[in-house]
Amino acid sequence: MKLVFYAALLTAVLAKELQLATECDPEACKLPDCRCSSTSIPGGLEPRNTPQFVTLTFDDGVNVINVETYREVLYNRVNSNNCPVRATFYVSHEYTNYQLVNELYNRGHEIALHSISHRTPPSFWAAATYDEIKEEIADQKVQIAHFANIPFEEVKGVRLPFLQMNGNTSFQVMSDFGLTYDCTWPASAQTQRGLWPYTLDYASTQDCTIPPCPTASLPGSWVVPMIAWTDPNGFPCVMVDACTSFPDREDPDAWFRFIVTNFERHYLANRAPFGFFVHEWYISAYPAVKTALVSSSDVVEWVRNPIPIAEYRSRSCKTFRQTACPASSCGPLVAEHNQLSYWLQLCNRCPAKYPWVGNPFGLN
């Protein structure tokens with residue numbers, strides 16, 4: 001019955017005509033549902049009264065190898081208010097162990113979308129049609145909720161592969177299929193005073209380094225800008241593991257200065273969220289300093305209803321509905337797209353075929 005509901009949902013929405021976005025009017029665009037692209041602190045707060053959010057995000061599949069890093073870095077750690085730290089996992093389908101996705105969710109971490117195929121080349125994502133993005137992203141939302149047995153409504157965020165923007169289309173799919181925010185868009189120009197998350201009701205002022213970027217009015221679609229770091233040679237890098245230069249691996253003081261210098265650019269200015277955007281291998285090779293961490297969706301929730309840091313720290317910790325994992329080990333399943341054999345570790349019944357683009361549940 002659940003699969004029938006999901007299938008009906010995926011066929012119920014059609015692409016709509018879009019209007020060109022105009023310059024943002026702060027008097028018309030107000031929280032909680034609209035925000036102009038801006039470096040101003042939400043709610044008119046002073047920096048000293050604003051929480052400094054730090055978001056640690058990981059891309060790609062979750063498996064028995066990289067989960068060991070996640071357990072070591074994230075489990076049994078709390079922020080200064082004694083609430084558990086939260087990271088965001090932008091998960092791609094291939095080679096993902098959905099039992100481990102369920103484990104991460106039950107530990108309070110955010111599960112978000114990174115496509116089913118993660119196909120190459122990046123130019124595919126730049127030109128992908130509405131239907132292609134729907135099959136990769138909207139279908140993945142129901143796929144990951146089903147196979148990891150996590151609440152459908154808790155899957156809120158998207159990051160497209162290779163940070164390749166898709167213009168208006170991906171945001172239209174995101175809006176049509178109940179996704180709240182996108183965290184794909186690099187921000188390399190606005191780094192001294194970073195952009196806070198904003199909506200696409202009106203035209204964005206964010207620089208477009210990996211076009212095409214959205215130009216339409218897409219009410220209620222949130223952008224979480226990926227504010228670039230600056231490497232030791234002064235060059236911007238969005239994914240920290242893609243910086244062209246690094247401190248010496250054996251010099252912990254240099255690494256500490258590298259991280260703190262980038263952090264202070266946020267903390268000593270307008271306290272825009274400080275993003276630590278990486279793949280798992282980087283953390284396992286270069287362990288991070290201890291810091292307070294929240295998820296990307298936590299940041300969006302605060303921006304929609306900003307409160308001073310004293311009030312924020314006094315709030316009760318979030319609670320999450322725990323979900324069971326009726327474990328199944330499935331395979332080998334031969335994939336039709338490449339003829340490779342896969343094993344799947346799921347929190348649901350085994351599919352008849354290897355799930356893939358166009359057949360996210362692996363139905364006959």
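We number each residue from 1, going along the chain as drawn.
Each residue, glycine too, has its Cβ placed from N, Cα and C.
The annotation disulfide bond is assigned in Swiss-Prot to Cys24-Cys36, Cys29-Cys34, Cys83-Cys317, Cys208-Cys213, Cys237-Cys243, Cys325-Cys347, Cys330-Cys350. As annotated by Swiss-Prot, domain 'NodB homology' applies to 52-292. For Asp60, His114, His118, the entry in Swiss-Prot reads Zn(2+) binding site. According to Swiss-Prot, the N-linked glycosylation site annotation covers Asn168, on the basis of sequence analysis.
All features noted in Swiss-Prot, drawn onto the structure.
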residue : record                      : contacts (Cβ under 8 Å, 6+ apart)
Cys34   : disulfide bond              : Ala28, Thr199, Asp201, Tyr202, Pro219, Gly220
Cys36   : disulfide bond              : Cys24, Asp25, Pro26, Cys29, Tyr198, Tyr202
Cys83   : disulfide bond              : Cys317, Lys318
Asn168  : N-linked glycosylation site : Leu18, Pro214, Thr215, Ala216, Leu218
Cys208  : disulfide bond              : Met165
Cys213  : disulfide bond              : Met165, Gly167, Trp185, Ser204, Gln206
Cys237  : disulfide bond              : Ala228, Trp229, Thr230, Asp231, Cys243, Thr244
Cys325  : disulfide bond              : Gln99, Asn102, Glu103, Ala148, Asn149, Cys347
Cys330  : disulfide bond              : Trp343, Leu344, Gln345, Leu346, Cys350, Pro351
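Of the listed disulfide-bonded residues, namely Cys29, Cys243, Cys347, Cys350, the sparsest Cβ surroundings within 10 Å are found at Cys350. Counting Cβ atoms from all protein chains shown, Asp60 (Zn(2+) binding site) has 20 others lying within 10 Å of its own Cβ.
Look at the disulfide-bonded residues Cys24, Cys317 and count other Cβ atoms within 10 Å of each Cβ; Cys317 has the fewest. Other C-beta atoms found within 10 angstroms of the C-beta of His114 (Zn(2+) binding site) number 25, with every protein chain shown included. Report note: the Zn(2+) site is defined by Asp60, His114, His118, and the residues of the same chain whose CB lies within 8 Å of the CB centroid of those residues, excluding them, are Asp59, Gly61, Tyr90, Val91, Ser92, His93, Glu94, Ser115, Pro161. Secondary structure at Cys350 (disulfide bond), taken from DSSP and collapsed to helix, strand or coil, is coil. In the three-state DSSP assignment, the secondary structure recorded for His118 (Zn(2+) binding site) is coil. Neighbour count (other Cβ atoms within 10 Å of the Cβ, all protein chains): 18 for His118 (Zn(2+) binding site). Summarising model confidence by region, the domain 'NodB homology' (52-292) averages a pLDDT of 92.
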